[in-house]
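The next block holds one structure in the form of structure tokens; read it before the comments.
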Amino acid sequence: MPPILLPPTPCAVNSTSRTAGDAITHRNRKLTTRRQHCRISVTTSCSSSPLSVAPALIANDPTARAFSALFKAASSPSPASPSLGAQLHAQAVVRGFLRDGDNTILSTAILNFYASCREPDLARRVFDRMPRRSAITWNALIKGYAHAGRRDEALALFRCMTRQDRVAPDKYTFPALLSGIGRNHGGGCVRELGGAVHAQVVKSGLDKDPFVGASLVSMYAATGALEDVKAVFDDVDTLDPVVWSSVISAYVNCKDEEGALITFYKMLCQDIKPRQFVYSSLFAICGSMSMLEMGRQVHAHSLKNITNKDAAMTNALLTMYSDCGCISDAWRVFNSNDIVDVISYNSMILALGQHAHPKEAAELFRRMKFSGLIPDEVTFLNLLSAFNHAGLVHEGLHLFDSMMDMEGIEPMYQHYACVIDMLARSGEIEESMKTIKEMPFEAETPLWRIVLGACSKHGDIETGMKIAKMLFHMEPYEPTNYILLGNIYARLGRWTDTEKIRSLMEKRGIDGDDAFSWIEMGQRTHRFGVDDRSHPISEEIYRNLDRLIGSIKAAGYVPDTSFATHSTEKDRREESLRYHCEKLAFAFGDLASPSGDTLRIMKNLRVCGDCHSAYKYFSLVTGRKIVLRDNHRFHHFYKGACSCGDYW
């Protein structure tokens with residue numbers, strides 16, 4: 001029940017009236033300020049731009065505190081337009097809140113806003129007018145220059161802070177500075193600068209702080225200095241999840257997948273709860289290495305620890321299952337996702353295309369548009385890729401031609417490259433060459449190699465020779481150029497010319513990439529090279545492969561010796577095909593797993609035509625489903641057929 005206000009006594013009307021009026025004015029002023037803060041908070045929580053309430057606030061005589069709150073809200077997580085901020089800044093000046101720069105709280109809020117907008121020079125103007133500058137102010141300005149990529153100016157500010165103003169750096173100063181160093185990749189120079197800042201960290205007594213330690217880890221990881229990462233990790237509070245997460249990210253950035261997984265295991269042993277982005281990184285690792293069982297374990301662990309998965313983590317999980325050859329699991333993750341954004345659709349469309357499901361990819365594209373989401377250039381590229389994998393040239397060209405009309409998206413280089421690949425792969429070599437000449441981009445060497453590979457497949461020696469000659473001039477030491485031309489000669493049976501290409505490579509000291517395949521079995525990854533006898537049970541593997549070759553020959557398999565480029569003698573060419581790495585991997589998997597189990601095998605290079613044929617027969621005589629992932633796509637073999645329809 002509200003209090004009852006009694007009228008003042010007659011003898012005290014004047015003085016009491018003034019006192020009451022002042023109290024009401026003061027109370028209304030406080031109420032107005034609270035309302036302004038409330039409105040800013042509600043706007044921010046609704047994910048609208050906080051500056052959208054600025055006109056209403058200005059009309060209601062805002063306080064300096066309200067201006068400060070507004071600038072603070074507008075700085076994170078996605079800064080508003082600098083021009084709108086400048087208008088609000090002008091209103092604060094007009095109202096006298098920044099006279100002589102003595103309102104430190106408001107000035108710092110404005111400075112931080114400009115810094116978050118990557119406008120450090122505007123932030124510097126505010127900074128220079130401030131008579132009193134704290135560590136918070138210095139940190140905001142240093143961070144602004146660092147995030148804008150202006151490392152040297154950030155370092156100069158740090159020196160001014162500590163030497164001229166004699167302001168002691170704190171645990172927020174060094175992360176701001178280190179982030180700028182890490183963004184500027186420059187090998188030894190960057191590492192030397194980072195080491196100098198690291199020395200200042202030690203001097204300041206902050207080397208044990210987990211927040212600073214995490215920043216040091218990220219900086220050293222950006223330079224590839226894993227030994228320094230380990231040294232920092234040993235120094236800081238090793239029970240802090242921020243540091244552990246940063247170390248795992250460092251291993252991922254340095255392509256040390258094994259180190260990341262080992263660190264994750266140690267983290268669990270310490271009973272430290274990983275953050276969401278750690279799971280995203282681990283899903284990416286498991287996908288890239290096709291470690292399905294490990295990926296399932298990480299997924300199970302994430303379900304226990306993370307209640308509300310963000311979109312990035314869910315998309316990483318989807319991609320992991322797809323990369324491991326489990327498209328049904330990827331579908332399940334996508335359909336159970338509460339937050340489905342454009343990236344989610346793009347990831348799923350790409351996965352469907354890689355697994356030879358172009359119709360489903362096209363249907364998902366339509367579903368995406370129906371949901372109200374707007375496809376972007378990545379969406380079109382992924383759907384084009386799906387049509388390309390399936391040889392749906394007409395559908396692909398129609399999609400490409402409709403990009404501008406459908407969504408107003410101008411085709412980029414990658415879209416043209418996909419269309420050129422599509423045409424060349426289908427045998428339209430002349431049309432692909434015409435598209436290269438007409439597109440508004442200069443063709444890069446990888447695109448020319450795509451057409452050269454198509455010339456090899458379709459036996460177009462004339463065009464292939466022209467492209468190869470050009471590539472030899474542009475990249476005289478790129479082995480793929482020689483191998484592709486050699487493949488053309490081999491497909492045409494010109495073995496003498498094939499040997500000449502090999503001799504030329506040897507003369508120039510050019511080595512091709514070594515092919516290898518791997519298979520996950522019993523929570524271990526088993527890797528095989530060509531003619532590899534290093535496995536502990538290699539004798540059994542070779543015996544089983546010889547038995548399998550005999551079985552598939554009886555079923556109709558005929559070795560395609562045009563894919564053997566190592567010898568001019570037919571018998572030796574056939575023998576060289578027998579022990580390709582993917583065949584050895586299958587022979588091992590057939591030995592090490594129960595009959596009828598699905599085998600998932602990976603290869604670092606594109607599968608050759610003979611091994612592709614052999615795998616179809618392997619699936620027929622063993623009754624197994626086989627998922628083979630090469631560096632281009634997935635092949636699902638079952639009952640003597642491949643999902644690619646022999647088009648790859």
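Any Cβ shown, glycine's included, is placed from N, Cα and C.
Since this is a predicted model, take the numbers as computed values, not measurements.
Here TrEMBL flags 1-10 as compositional bias 'Pro residues'.
Sequence annotations record features per position, and here TrEMBL assigns domain 'DYW' to 556-648.
Annotation source TrEMBL lists region 'Disordered' at 1-22.
The annotation repeat 'PPR' is assigned in TrEMBL to 134-168 (among others). Under 8 Å from some Cβ of the repeat 'PPR' (134-168) lie the Cβ atoms of residues 104, 107-108, 111-112, 114-116, 118-120, 123-124, 127, 176-177, 179-181, 183-184, 193, 204, all in the same chain and six or more residues away from its ends.
Annotated repeat 'PPR' per TrEMBL: 240-274 (among others), in sequence order. For the repeat 'PPR' (240-274), the list of distant contacts is 210-211, 213-215, 217-218, 220-222, 224, 226, 229, 233, 281-282, 284-285, 288-289, 294, 298, 301, 305: same-chain residues at least six beyond its ends, Cβ to Cβ under 8 Å.
Looking at the repeat 'PPR' (341-375) alone, the prediction's average pLDDT is 95. If you look up TrEMBL, you'll see 341-375 (among others) marked as repeat 'PPR'.
Helix, strand and coil content of the repeat 'PPR' (376-411), in residues and according to DSSP, is 28 helix, 0 strand, 8 coil. Positions annotated as repeat 'PPR' by TrEMBL: 376-411 (among others).
Long-range neighbours of the repeat 'PPR' (341-375) within the same chain, counting only residues 6 or more positions beyond its ends whose Cβ lies under 8 Å from a Cβ of the stretch, are 311-312, 314-315, 318-319, 322, 325, 327, 330-331, 334, 382-383, 385-390, 392, 395, 406-407, 409, 633-634, 636, 643-645.
Residue counts for the repeat 'PPR' (134-168) under DSSP (helix as H, G, I; strand as E, B; rest coil) come to 27 helix, 0 strand, 8 coil.
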